[in-house]
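Peer 1: Per TrEMBL, the features are:
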BINDING   S63, N113, E157, N164, Y188, Y239, V257  substrate binding site
Amino acid sequence: MDLQALLDDLAAEAAPFAAQGKVADYIPALAAVDPARFGIALATVDGQLFGSGDWRAPFSIQSVSKAFSLALVLAGDGETLWKRVGREPSGNPFNSLVQLEYEKGIPRNPFINAGALILIDRLLSQTGDSLGTLRAFLRAESGNPAVDLDPEVAASEAAHGHRNAALAHFMASCGNLENPVERVLDHYVRQCALTMSCADLAKAGLFLANHGLRADGSRLLTRSEAKRINAIMLTCGTYDAAGDFAYRVGLPGKSGVGGGILAVLPERGVLCAWSPALDLHGNSVAGVEALDRFTTRTGWSVF
Ligand code: GLU
């Protein structure tokens, strides 16, 4: 199969879909991004890299970061993590306060914002520096030592982060936060403000297609832990549209409001699509469409 030609076709077909979505504007710095941009990259487990469109352009990875922080936390905590956070789809918006109150401060899964705050809390307790640990990991796995955060995006989110602060304070009031709220929130907004390209993210995610083995051959996760992260990505990784994403794309995926989506092709590789215009659930319209077309044309899905 000519994978380069396929990605070029997907990039050429993206424009009408990008025009259907809307760029996230609740974090003002994200609203400035051109909605017409589109990139897609594929990194394979045998070391090949393909890409088309804006696949080398850095963008705000936002919640795509949560797949990586879950991997790092699970590697350290193992099954005890699940005392602090659940692993069921939420069926609610990613920043919902109501569900957290009903469920007594235990977030439904690690990918909604409350759950991601728990991951940061655990990584802070494990390492003393959640952001630094994650950034070093992403640099190593992507092979790009320049991976870093955009301070303007971090400041913009920090200034508008009342809802995440409410989630963190509520969990603290339930005894489900080990570190000070302000410290957890600071690491959270800086983590979400990391900027990476489709190429960087596809390479960084390869351990998920490779049963937990890192780029240098060392083991981050057991085979079974890598399976579990892919399962949580499939069921919870694309907001409350995870069912539709599974129906259309048929791969574990994690999206972010910056317009990025990481999708894992087990034992084959990792795809990353980016296009900033989002649907009502927060997933990139052109990104989901491109991934749908990719798995439809290749037949490469987990189903
Ligand atoms: N930093 C964003 C927030 O907390 C991340 C949202 C996302 O990408 O899902 O609202």
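Heads up, the Cβ atoms here are built off N, Cα and C, so glycines get one too.
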Peer 1: Return the members of Y188, Y239, V257 (the binding-site residues) with CB less than 6 angstroms from at least one atom of ligand 1, or none.
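Peer 2: Listed by sequence, the hits are V257.
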Peer 1: If I restrict to non-local contacts, at least six residues apart, and a C-beta distance under 8 angstroms, what lies near S63 (substrate binding site) in its own chain?
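Peer 2: In sequence order, the residues whose Cβ lies under 8 Å from that of S63 (substrate binding site) (at least 6 apart) are F94, F111, A116, C192, K254, S255, G256, V257.
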Peer 1: Which residues does N164 (substrate binding site) neighbour through Cβ under 8 Å, counting only same-chain ones at least six apart?
Peer 2: N95, N113, L117, L185, Y188, V189
Peer 1: Hey, what's the Cβ neighbour count for E157 (substrate binding site) at 10 Å?
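Peer 2: There are 23 such Cβ atoms around E157 (substrate binding site).
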Peer 1: By a simple count of other Cβ atoms within 10 Å, which of Y188, Y239, the binding-site residues in the record, is least packed?
Peer 2: Y239
Peer 1: Among S63, N113, E157, N164, Y188, Y239, V257, the annotated substrate contacts, find the widest CA pair distance and round it to a whole Å.
Peer 2: 19
